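> First the structure, then my questions, so here it is.
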Amino acid sequence: MSSSVEQKKGPTRQRKCGFCKSNRDKECGQLLISENQKVAAHHKCMLFSSALVSSHSDNESLGGFSIEDVQKEIKRGTKLMCSLCHCPGATIGCDVKTCHRTYHYHCALHDKAQIREKPSQGIYMVYCRKHKKTAHNSEADLEESFNEHELEPSSPKSKKKSRKGRPRKTNFKGLSEDTRSTSSHGTDEMESSSYRDRSPHRSSPSDTRPKCGFCHVGEEENQARGKLHIFNAKKAAAHYKCMLFSSGTVQLTTTSRAEFGDFDIKTVLQEIKRGKRMKCTLCSQPGATIGCEIKACVKTYHYHCGVQDKAKYIENMSRGIYKLYCKNHSGNDERDEEDEERESKSRGKVEIDQQQLTQQQLNGN
């Protein structure tokens with residue numbers, strides 16, 4: 001009923017994130033909305049939520065997470081009050097086990113929490129301002145360090161901040177410290193670990209399987225993204241589709257096909273390096289080397305994000321055409337094909353005219 005009311009009001013009322021109840025797209029990433037319009041959530045709010053795990057099913061997903069899981073996490077958040085603003089929806093917990101601080105994503109930023117985000121390694125973690133730590137080589141070292149050294153609580157800077165502990169104590173009254181920790185991270189229904197699998201790109205620390213340099217996942221996505229080709233000498237890997245549509249990769253001819261998915265390995269490595277600076281229009285993660293063919297358009301995607309955002313892929317093997325048009329410009333592909341055909345005919349006509357002119361000059365001599 002609520003969704004129909006929102007649809008009637010339309011322009012006068014914008015959809016808000018189910019976690020932070022705001023429209024803070026700049027801080028929290030793109031606001032993603034399910035096809036049935038019933039679920040809306042910022043990508044960062046989902047990405048860092050403690051109990052969300054990636055979904056590899058064929059069912060509808062939202063930012064790499066199943067709709068059902070997102071709804072469960074939003075429901076769980078109604079019982080979790082933010083350590084900063086004291087409002088519900090705070091599903092992002094400090095990654096130190098004994099800490100029970102929970103946040104909305106934008107509240108974590110405002111409270112000067114440390115955001116650790118390394119998509120290539122599958123790391124999406126938050127440390128509250130009390131437990132911020134730097135200069136660690138690995139996340140395992142970070143957890144071990146926190147377990148060995150109790151950090152002194154920071155002194156309150158103002159009266160306003162000194163009051164923030166009371167609502168948290170009320171919410172967890174009567175619970176043990178271990179119970180508080182698992183409740184804030186949603187691990188009461190799943191096995192507790194210091195390295196929770198909660199993102200579309202996260203893997204366990206012991207998982208050494210190769211992952212695509214573009215989309216940061218492995219062979220589990222081969223069916224949708226093509227075979228994962230591995231180049232052991234350079235410790236590089238990439239899905240076929242991710243390479244095929246990347247703007248700077250060069251596909252080799254049939255007479256000089258290499259083992260790396262028929263692509264020039266140098267161009268693939270260059271694209272992977274370039275992708276580290278290219279953030280996806282949909283998920284805001286690096287590796288988005290597939291750009292819309294319209295020159296004035298700045299949208300870039302991972303292959304699967306382009307599919308999810310309803311971009312249009314043009315794949316013509318006989319002519320070697322592999323292009324993407326974002327959903328705003330998907331109607332331009334037919335006009336683009338016509339332009340190419342006209343250009344091809346024009347080039348052919350110019351070549352014939354040049355041949356005739358050369359022949360006339362020879363006859364004249």
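Cβ coordinates are placed from backbone N, Cα and C, and glycine is handled just like the others.
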> If you look at how Swiss-Prot annotates this chain, which of 13-16, 57-60, 177-180, 333-336 comes out as motif 'Nuclear localization signal'?
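So the range that Swiss-Prot calls motif 'Nuclear localization signal' is 13-16.
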> Which whole number is the mean pLDDT over the motif 'Nuclear localization signal' (13-16)?
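Mean per-residue confidence for the motif 'Nuclear localization signal' (13-16): 80 out of 100.
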